[in-house]
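A.B. asks: Quick one: the structure is below, and I'll ask about it shortly.
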Amino acid sequence: MSAGASATGPRRGPPGLEEATSKKKQKDRANLESKDGDARRVSLPRKEPTKDELLLDWRQSADEVIVKLRVGTGPVRLEDVDAAFTDTDCVVRLPDGRQWGGVFFAEIQSSCTKVQARKGGLLQLVLPKKVPLLTWPSLLKPLGTQELVPGLQCQENGQELSPIALEPGSEPRRAKQEARNQKRAQGRGEVGSGAGPGTQAGPSAKRAVHLRRGPEGEGSMDGPGPQGDAPSFLSDSATQVEAEEKLCAPPMNTQTSLLSSEKSLALLTVEKTVSPRNDPVAPVMVQDRDPEPEQEDQVKEEMALGADPTALVEEPESMVNLAFVKNDSYEKGPDSVVVHVYVKEIRRDSSRVLFREQDFTLIFQTRDGNFLRLHPGCGPHTIFRWQVKLRNLIEPEQCTFCFTASRIDICLRKRQSQRWGGLEAPATRGAVGGAKVAVPTGPTPLDSTPPGGGPHPLTGQEEARAVEKEKPKARSEDSGLDGVVARTPLEHVAPKPDPHLASPKPTCMVPPMPHSPVSGDSVEEDEEEEKKVCLPGFTGLVNLGNTCFMNSVIQSLSNTRELRDFFHDRSFEAEINYNNPLGTGGRLAIGFAVLLRALWKGTHQAFQPSKLKAIVASKASQFTGYAQHDAQEFMAFLLDGLHEDLNRIQNKPYTETVDSDGRPDEVVAEEAWQRHKMRNDSFIVDLFQGQYKSKLVCPVCAKVSITFDPFLYLPVPLPQKQKVLPIFYFAREPHSKPIKFLVSVSKENSSASEVLDSLSQSVHVKPENLRLAEVIKNRFHRVFLPSHSLDAVSPTDVLLCFELLSPELAKERVVVLEVQQRPQVPSIPISKCAACQRKQQSEEEKLKRCTRCYRVGYCNQFCQKTHWPDHKGLCRPENIGYPFLVSVPASRLTYARLAQLLEGYARYSVSVFQPPFQPGRMALESQSPGCTTLLSTSSLEAGDSEREPIQPSELQLVTPVAEGDTGAHRVWPPADRGPVPSTSGLSSEMLASGPIEGCPLLAGERVSRPEAAVPGYQHSSESVNTHTPQFFIYKIDASNREQRLEDKGETPLELGDDCSLALVWRNNERLQEFVLVASKELECAEDPGSAGEAARAGHFTLDQCLNLFTRPEVLAPEEAWYCPQCKQHREASKQLLLWRLPNVLIVQLKRFSFRSFIWRDKINDLVEFPVRNLDLSKFCIGQKEEQLPSYDLYAVINHYGGMIGGHYTACARLPNDRSSQRSDVGWRLFDDSTVTTVDESQVVTRYAYVLFYRRRNSPVERPPRASHSEHHPDLGPAAEAAASQASRIWQELEAEEEMVPEGPGPLGPWGPQDWVGPPPRGPTTPDEGCLRYFVLGTVAALVALVLNVFYPLVSQSRWR
């Protein structure tokens, strides 16, 4: 050939040669592209710029990197995109053959990566950083810096493997090129970089270790290489060692597992390389014996058919231990852990999960090509084994698993209810059976979010601490794992701790509200994952100005599981009734759905519900503006509005109320419910509405009317405010010490029968044999009949209850007598005249006492007559001790028996002491008889001021001795003289008594000594019947005239029921054997059952409220019922009973009472309600079901403050979809824009107002997702218009949602409590603020008027 020909020949060449060469290239290219899992790339010049063309943009945040690829102009189907990720690199293959990939600048969390489709033919990759807060200067590493981590070698059972020889005949020219390129010479190079031809087509997979049994004692023998030849093992060669290190030490993601066995196990190490065909370090398979002939033939056959030479021979009995499988896990409540293992196309017939107390093992086979490509040499018949050593013990018998199309779901039941904080046990503990486990250096699966949630990585400081804790664990492993566990960059350079980093937020145990799965028809998934600022369910609501009532209701309803799931995926649009005049045309339903999404996306710290408020205000003008309203009222209107928007009834028929007319209740109730559903049929009705039975009874004709009505919530009344009254109970016999009881009664509308009934149960005495009396100033103020009101009785008043003898028991008439005690001489000292105020000058001018009361003194009768008009109302004897009632049969009413009873009762309330006898005192027989008339006259004239007026001339004056001689200096005897009663509280003035000159008692009158001795008096047995009595007994008749009783021996006394008795103690010091007497605190025993009555006085239970709700009541006159039989309005008796209970039960505690426009009140008493297992079986008389109607609490609305101003908050949890006893998100406190976690024990407070209960084991079936035309076939062409209308409303509300700014802060503009104040308005409405302050000032003035005028009148009326 000529030179020119030789020069141009290679370019042009003969036509036949060029055509043959082109056809050969096309055939080779088609063969390579048709093979599944081929790791080789075809070096084509046109694919070199693919990477630059695909990469559109990338950006990073503190914890993730987002890469956007330009795929094309049309929609992208994620099913056709093949993406594989490791912690260091990735590769993305498109359906048209294009691909993108590379080695990242730093490590990522490959298990948390996401591939998302976007509008405009974009593909978005979300790559969570393994090291948060680490700034990446570039997305990919430069080509010259992608080096391996030196020093890692492959080992087996603690010994290094022999070096692997390079095959001499494997394209030496290519090997030289790879040797010059450090990046391509490593065992695992850049993936999909697209930097030049021949780049690897798939990602560098994690190292898999395959195990095969071999005879003990046999060494490793040659096996088939990539070309079908057995590689030889070289020894002590630098080149071989370097090749071994490059093969056995891939960076970061090499993971190896060893399976323990009784026989020796041979190690098979398989790794996908950069270029399987041309790489000099081709993967080999180490075996313990020569391959079988059948296997060798199979390998040759696969190579002849163009199979991948790097793939292992498929063996049905091979077992591959996996150190890591893509998974995540989360704790489902305190008792379970859910693990999701993401492997597709599982062969269910040969896959299973084995559970033990400390671990579980997943054994499976898969046909997923992407998974098999990550494990070279594995095929559909390969058995994979993944064993996880658990952090704590489990119950193997209660653990379950199930297979889905894309994953395996494993549910682990904890042995103890506690928080694990992670799934796997620390690496130093090893796996069960003695095998070592290579634990990933990244965060544990529980550190990631549950499925569907965004990543919540640790802060840099916490990540550094986590690495420091795991470093000694990795080093403590034996040498068998040194070549498996790769070091992370954190072990070289720990991130600098940031002192300003906030503490991590609580872990969310529930996935956020999921969106519809992305498909080829739907690529409009929101880009909200990158905007998350809080955990799902922790978004607050901004207070727009006294709108805390609305915020608390919305937060409670958003945690209603069925309602939340119903609105999350737009399937409710099929049920929107756009033509309902009572609704909003779907705007309220769609606005509520938009708000629910905002609360569960986690993209707002606080969201403004202004659009929903505007929609509600457009239908209910009372909610216009920013004034306070009742939360229950707003909740009822909101649910009713949602019901009307979702009402399935297009044309409501006319229905009438169904009455019983003697038919069975079951028939009438079902008929009434069906009639209600003819007009009201929606998801709100299915979820919230129940049915109760209303029974009306006419008081005149006894006509009974029974109807069945629906209810949305139960307004249960609270028991009225209670007061605790101390009651002193006296038994029928005086030898029993009085007992003090504490009885709770209502502050309003209480009667004496409540106290008598309560005491009757305590002392086991019939109520008709008890008498209740009030004591004021040591005398009976009044004796209550059972019907008498106790509203005017305060807890400080003294109430005595006496047991009386029953006439049925005595078989004769029983005499009941009131007895009061008083001294013969009052203990009040007299130092001056009551009329002229002149003090006593000398002994000759002694002041004379009034003989009626002995409490005042006068100079003469002139002063007495002058002072009588003023003294008349106060002239009464001085009483001491407590009065009491005695009941004696008429036949046994003797003086001795009466004296015995009186002395027995009196000793509990007075202290009596009789000093030793002194001979110098006057005897009774030596007294002048003239003084008897004086005393008799005085006694007859003694009485209350209510009797007939007495002229002053009829009164007698007695002359006491000088006050200096009254014995005021007398003291009690020493304590060693005998059992002297306590003198505490007894002053010297009380001991002083002025003796009366010449005024003795009746001569010769003696009273037999009662059987019971008076405390403080020491006497011998022979002198018991010889001493004088210590008191006298006087009879007081109906006209208040007193007469001293005489001892008639065994003859019964003649006393009527209209008289009373007075016990007069002989305390005149001038008389023989006088006594010292004074009042004392009543001696009594405390009732042990009343110890907690005071604490329970202000506490009620929900059962008590439900009992009041179901108790019959009489209708008020303005609510009178029209009796169809009497043809008149009657104040009938009405009773409500529960018949049908809903799935979600709302209970309103009626804390607010409105008596009038001015008089309003709120009850702040504690109502104890169960958080778990509210049993309503005793209140529900209707549905007889096998399962009891048990409910669990999931939300509470609280109200703080009073009627004028207050604040609403809410506590809620998100119950599990299948069990209301478990929570997917725990209890949180919603205080407007602030959301914090709370303990379940803090939910029950005295401020609870509205309770939300969810029924156990009674889920509500959601309606099937159908098109609007399918649900309403009668609409015809209007279905498309309705659907487009819903779409327009969605776009409008979502656009307004984006324009609404976020809340100003966690506390909102009004602080933690939004007491009434001016709302945040603009300057265009200044008059509204003035009007608001004017209204507030008026209300404050009315309150002050009530407190200053009406309250004193009410407080004084009780004393009248």
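Note that Cβ sites are derived from N, Cα and C of the backbone, with glycine treated the same way.
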A.B. asks: Here are some residues: Ser220, Ser448, Ser660, Ser1023. Which is flagged as phosphoserine in Swiss-Prot?
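C.D. replies: Record lookup, Swiss-Prot, feature phosphoserine, residue Ser220.
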A.B. asks: Can you check which of 1213-1235, 1259-1281 Swiss-Prot lists as region 'Disordered'?
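C.D. replies: Swiss-Prot lists region 'Disordered' for residues 1259-1281.
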A.B. asks: Including all protein chains displayed, how many Cβ atoms other than that of Cys548 (active site, nucleophile) lie within 10 Å of its Cβ?
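C.D. replies: The answer is 28 other Cβ atoms.
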A.B. asks: Determine, from DSSP, whether His1207 (active site, proton acceptor) sits in helix, strand or coil.
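C.D. replies: His1207 (active site, proton acceptor) sits in a strand per DSSP.
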A.B. asks: Across the domain 'CS 2' (322-424), what does the pLDDT come to on average, as a whole number?
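C.D. replies: Looking only at the domain 'CS 2' (322-424), pLDDT averages out to 89.
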A.B. asks: Tell me, how many other CB atoms lie within 10 A of the CB of His1207 (active site, proton acceptor), whichever protein chain they belong to?
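C.D. replies: Total other Cβ atoms inside 10 Å, all chains included: 23.
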A.B. asks: How many Å lie between the Cα of His1207 (active site, proton acceptor) and the Cα of Cys548 (active site, nucleophile)?
C.D. replies: 7
A.B. asks: Let's see if you can do this one: DSSP helix, strand and coil counts over the domain 'CS 2' (322-424), in that order.
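C.D. replies: For that range the per-state counts are 11 helix, 46 strand, 46 coil.
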